[in-house]
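The next block holds one structure in the form of structure tokens; read it before the comments.
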Amino acid sequence: MGSTCRIQPILQENEMLNETAVTEFLLMGFSDIRDLEILGFVIFLSIYSTAVTGNLLLVLTIIQNRHLHSPMYYFLGNLSVLDAFYISVTVPKLMAMSLTNNKLISFSGCVVQVFLVITFAGSELSFLTVMAYDRYVAICHPLQYMLVMKWNACFQMAASAWICSLIYAVVQTANTFKLHFCRSTIKQFFCDIPQLLIISCTDTTANLWLTVAVMISLGSFCFFFILVSYGFIFSTVFKIQSAQARYKAFSTCIPHLIVFCLFLSTAMFSYFRPKSMSSPSVDLLAAVLYIVLPPLMNPIIYSLRNKEIQEAMQKMSKKLFGFQLVI
């Protein structure tokens, strides 16, 4: 009789949890003031249009120009494609929230958003690492470049980058959404894993350790791999006698290094800043920097710093549109 009395409250509690299971989440918008919401819509529409147009223009330039059909630009094309998708996962939803004032996202929509954000962020880091290896072989071992960076090897590296990111995204997404959520308000403009862990009623220690361990281990590996690669690259470049050859080597390396530093610094600020710097407004700014800035700046950086890209874009715009772009 006593055991029955103890079991009954547990059953009632489980029934209550089942009845209040979260079926949708409430995201945080740009502002609670309607005029600022409209202003936010205009700003993010401009940013989104610029980012997607710039990345797709870069991809089209690489496809149209035969001189750019090389491993380096093949990886750059992949990076531009994933950047266009990466920013499209979150910003259109933010713009829709600003325009309609509807901040709800379905449970399944949240799952898809988390999965895609992790996939494209992981792929971005993977391709930036592969591109560093490509530059290392091209500059430090130029005579072996075509042997090492064969097209089959390039396809395999690109496929590995995508597949590993997909597998990691599946694991992290499944691990996150097996939790029970007792609140539905996410203090972010998209479904972000740290914010989802905060509103979970389940013990999230294992999830937190998995997320931190993977991010630190992968981030450290990629960071040190790129750091060592550029150590050898700069050591080789400074030994080159020709100033023109040095400039050409730097013009293909500096944009990649800037893009990598931009992505890593925004990610570090978003996820590893001290708690004293955490507030709703700072969290929103950090997420915007991490989600929006790399896809927006990547095509601009490559267009401004790479002479081959500039010339190819000018030729393509004159051929297709009848006018020459001023870059």
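Note that Cβ sites are derived from N, Cα and C of the backbone, with glycine treated the same way.
Copied from TrEMBL, the annotated features are:
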DOMAIN    54-302  domain 'G-protein coupled receptors family 1 profile'
TRANSMEM  38-60  transmembrane segment
TRANSMEM  72-91  transmembrane segment
TRANSMEM  111-133  transmembrane segment
TRANSMEM  153-171  transmembrane segment
TRANSMEM  212-237  transmembrane segment
TRANSMEM  249-272  transmembrane segment
TRANSMEM  284-304  transmembrane segment
Take the transmembrane segment (153-171) and find every residue of the same chain, 6 or more past its ends, with a Cβ under 8 Å from one of its Cβ atoms.
71, 74-75, 78, 115-116, 118-123, 126-127, 130, 214
Long-range neighbours of the transmembrane segment (284-304), counting only residues six or more past its ends (CB under 8 A):
28, 30, 44, 47, 50-51, 54-55, 57-58, 76, 79-80, 83-84, 86-87, 90-91, 117, 124, 188-190, 192, 255, 258-259, 262-263, 266-267, 269-270, 273, 310, 313, 327
Any contact between the transmembrane segment (249-272) and the transmembrane segment (111-133)? By contact I mean 3+ C-beta pairs closer than 8 Å, pairs at least 6 apart along the chain.
yes
Do any residues of this chain, six or more beyond the ends of the transmembrane segment (212-237), have a C-beta under 8 angstroms from a C-beta of it, and if so which?
122, 125-126, 128-129, 132-133, 135-136, 139-140, 168, 172, 246, 249-250, 253, 257, 260, 264, 267-268, 271
